[in-house]
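To start, the structure under review is shown below, and the notes come after it.
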C-alpha cells in the first residue's frame with residue numbers, strides 16, 4: 001500500500017510530507033508500457049501531483065502538465081484529495097540511453113518548456129499557474145513552482161528507481177516547506193540539513209525508506225506525525241463519460257461509425273482501458289439527435 005505521511009516540526013516552523021509511491025508508479029508503467037526514461041519522467045510527475053494534492057482540502061483536483069520540448073511530448077497527471085492519481089506520457093515508447101553508471105536521465109530527456117498546474121476547486125473556475133521548467137528533473141521544477149507561484153519556500157526530492165529489467169523497483173519522495181513565523185536561525189539550520197541530505201536515490205534504497213527520509217529531514221529535531229494517508233493510481237473513467245463524449249459528434253459521423261465500422265472503441269488516455277460501443281449504442285445516440 002502506497003502512503004503519504006504528513007508531519008510538522010514540534011516548533012511549528014516547518015512541515016514535511018514523505019511518500020512511498022512504488023505501487024502507483026508500477027501500475028502506471030504496466031498500464032502504459034513505458035520505457036525506462038518515460039517511466040521515471042511520468043513517475044516523478046505522478047509523485048509531484050500527489051504532493052500538490054496533499055496540500056489541498058475539500059474536493060479539489062490538481063492537474064500537472066509538464067510541457068517539454070523533447071520527443072517525449074507532454075506529461076499529464078491528475079490527482080485529487082482522496083489519494084487518487086492518474087496520468088500518461090504522450091510518447092511512452094521514447095527512451096534515451098542511460099549514463100555509464102546506469103542512471104536514467106530525465107532533465108535532458110524532458111527538455112525546456114513549462115510546468116503548468118491547474119487547480120480545480122469544483123466551482124467551475126479552475127486556477128491556472130505556470131512556471132518555466134528550470135531543469136526538467138521534475139522535483140526541482142516543482143520546488144521552483146511552489147517557491148515562485150505559491151510564495152512558499154520549498155525543498156522537494158522525488159525519484160523512481162528501476163531494476164535490471166527496467167521495472168519499477170521503488171518510487172517516492174518528500175516535500176519540506178517553511179511555515180509562517182519560522183525564525184531565520186531555524187530556516188538556516190533546516191536549509192543546511194537539506195543541502196547535506198544523501199541523494200534521494202540512496203534514501204529510497206533503504207530498507208524502510210519512509211523512516212530514512214524522515215530521519216534525513218529532521219535529524220534530531222523533534223516532530224509530530226499528523227496523518228498517514230493511502231495513495232494510489234486510480235482512474236475515474238467510465239463508459240457513460242465516453243458515451244457523453246460520443247454524443248457531441250455530428251450525426252453523420254455517428255452514422256458512419258454504425259454503418260462502416262459496426263461500432264466504435266475509445267481508449268482512455270490515462271489508464272488505457274478500452275470502451276466498446278456497438279451499433280445499438282450508436283443508434284441510441286443517433287435517435288437522440290433526430
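Placement of Cβ uses the backbone N, Cα and C atoms for every residue, glycine included.
Other Cβ atoms within 10 Å of the Cβ of residue 235 (disulfide bond) number 19 in total over all chains. What Swiss-Prot lists as disulfide bond is 235-237 (among others).
Taken from Swiss-Prot, the feature disulfide bond covers 268-271 (among others), and the record attributes it to sequence analysis. Taking a C-beta cut-off of under 8 Å and a sequence gap of six or more, residue 271 (disulfide bond) has these contacts in its own chain: 31, 86, 235, 237.
Sequence-distant contacts of residue 268 (disulfide bond), defined as residues of its own chain at least six apart whose C-beta falls under 8 angstroms from its C-beta, comprise 235, 237, 242, 274, 275.
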